[in-house]
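Here is what TrEMBL says about this protein:
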- C66, C69, H70: heme c 1 binding site (BINDING)
- C212, C215, H216: heme c 2 binding site (BINDING)
- 44-153: domain 'Cytochrome c' (DOMAIN)
- 196-318: domain 'Cytochrome c' (DOMAIN)
Amino acid sequence: MAKRSLLGIVLTGVALAASAGYVVKVPDHFPPMPIPDDNPMTIAKVELGRQLFYDKRLSSDNSVACASCHKQEYAFSDGGHAVSTGVEGRKGTRNAPSLADVGYRDKLFWEGGSPRLETQAIGPLTDPNEMNMDPAALEAKLRAIPEYQTAFKAVFPDGITMLNIAKALSAFERTLVSANSPWDRYREGDLTALSPAALRGMQLFFSERGDCFHCHNGQDFTDDSLRNTALATVYEDIGLARITGKDEDVGKFKVPTLRNVELTAPYMHDGSFKTLREVVEHYNNGGQANLNADPLMRPLGLSEAEVDDLVEFLKALTDRSFTQDPRFAPPSPAASR
Ligand code: HEC
Ligand code: HEC
């Protein structure tokens with residue numbers, strides 16, 4: 001682990017050297033952000049990552065950036081779209097997850113198939129339905145852009161390579177900390193931060209009756225496990241079984257973070273639920289008959305008012321400062337072509 005401080009002071013002076021460290025600031029009820037030894041954070045690297053994240057030239061027809069499907073105003077999900085649109089109007093098959101606090105995840109993608117951000121980023125860059133770039137072609141394309149020549153040289157001795165593109169993107173993604181929702185303020189001692197309905201919903205969420213917390217726990221409301229939530233009797237997308245080939249893994253998907261979930265509709269890996277109420281009603285009904293259903297999936301017997309309270313609690317996980325933070329916005333109009 002790289003050296004880091006819990007206090008997490010982000011160095012902001014304009015005259016700092018490009019190699020100055022960037023410390024990811026997190027509150028006391030968060031663990032320190034894990035930073036891999038082989039990709040230390042610097043201000044210049046994070047800034048380069050931000051440029052790349054918003055740059056459509058990283059796609060084969062210059063129409064799609066990471067930010068096309070991961071939009072800040074929707075907590076870096078593809079708000080409103082069940083599936084996303086990649087180059088040449090091609091549709092994907094899964095719902096784009098939020099990138100809030102994604103630096104804490106040790107399993108990425110809905111079936112958890114990628115262990116870290118650096119390997120994950122290669123996925124969308126090369127996926128024919130997303131950005132559709134051959135690695136050599138992408139390197140050549142960026143080498144022809146003088147601003148990138150200079151920016152990469154300042155950060156990486158070996159300049160523009162696929163791995164360095166992935167490293168810079170990952171450094172930017174690790175800065176995407178969302179930690180300022182009403183729930184966080186409540187955790188930090190502001191007992192007025194949650195409405196009475198949200199407080200009742202919180203109690204249900206963390207009770208054996210509501211039973212959400214067995215899977216959605218920790219500061220990001222996920223235990224990073226893979227579970228079958230009985231969305232269907234027959235899953236079109238087989239989830240974890242895509243990697244393991246095992247029958248019992250069909251329909252298992254990663255437990256998603258619930259931070260900012262109010263902003264990330266539609267829901268689940270396939271975007272099949274339009275509202276939070278539909279999701280909570282699904283849990284209340286216990287889901288569809290499915291051999292692999294998690295044992296926690298059973299009818300909960302919650303009243304309509306209790307379902308409403310759970311929805312109010314989920315809405316208390318919205319962090320408006322995250323969706324408006326200028327550090328996560330496009331670097332400048334010129335850079336986000
Ligand atoms: C065309 C839309 C699209 C584009 C462009 C795109 N993504 Fe995604 N992203 C998705 C979808 C859909 C998923 C879920 C895919 C899956 O699980 O198989 C995803 C998943 C992810 C995840 C995993 C999150 C998690 O919690 O598992 C990360 C990280 C991510 N994208 C980062 C990026 C970066 C960085 C880029 C640019 C290099 C990018 N994405 C470009 C749609 C997109
Ligand atoms: C057995 C583990 C488990 C339990 C219990 C559980 N969840 Fe989930 N939750 C998941 C998984 C896994 C997904 C994603 C499923 C998929 O996409 O197929 C999910 C998805 C969600 C989503 C959609 C998030 C998104 O970004 O699409 C919400 C909201 C949610 N759960 C809320 C709750 C609430 C509220 C409860 C309690 C009533 C609960 N969950 C209980 C595992 C669980």
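Here the Cβ of each residue, glycine as well, is placed from N, Cα and C on the backbone.
In this structure, the binding-site residues that sit close to ligand 1, with a C-beta under 6 angstroms from any of its atoms, are C66, C69, chosen from C66, C69, C215, H216.
Residues near H216 (heme c 2 binding site) in space but far in sequence (CB under 8 A, at least 6 apart, same chain), listed by position: F205, T222, D223, V255, L258.
The Cβ centroid of C66, C69, H70 marks the heme c 1 site; residues of that chain outside this set whose Cβ lies within 8 Å of it are F53, A65, A67, S68, K71, F76, D78, S84, A96, L99, P124, given in sequence order. Neighbour counts were taken at the CB atom with a 10 A radius for the binding-site residues C66, C69, C212, C215; the maximum falls on C66. Using the Cβ center of C212, C215, H216 for heme c 2, the list of other same-chain residues with Cβ within 8 Å runs, in sequence order, F205, D211, F213, H214, N217, F221, T222, D223, V255, L258. The distance from the Cα of C66 (heme c 1 binding site) to the Cα of C215 (heme c 2 binding site) comes to 28 Å. Using a 10 Å radius centred on the Cβ of H70 (heme c 1 binding site) and all shown protein chains, the other Cβ atoms total 23. Taking the C-alpha positions, the distance from H70 (heme c 1 binding site) to C215 (heme c 2 binding site) comes to 24 Å.
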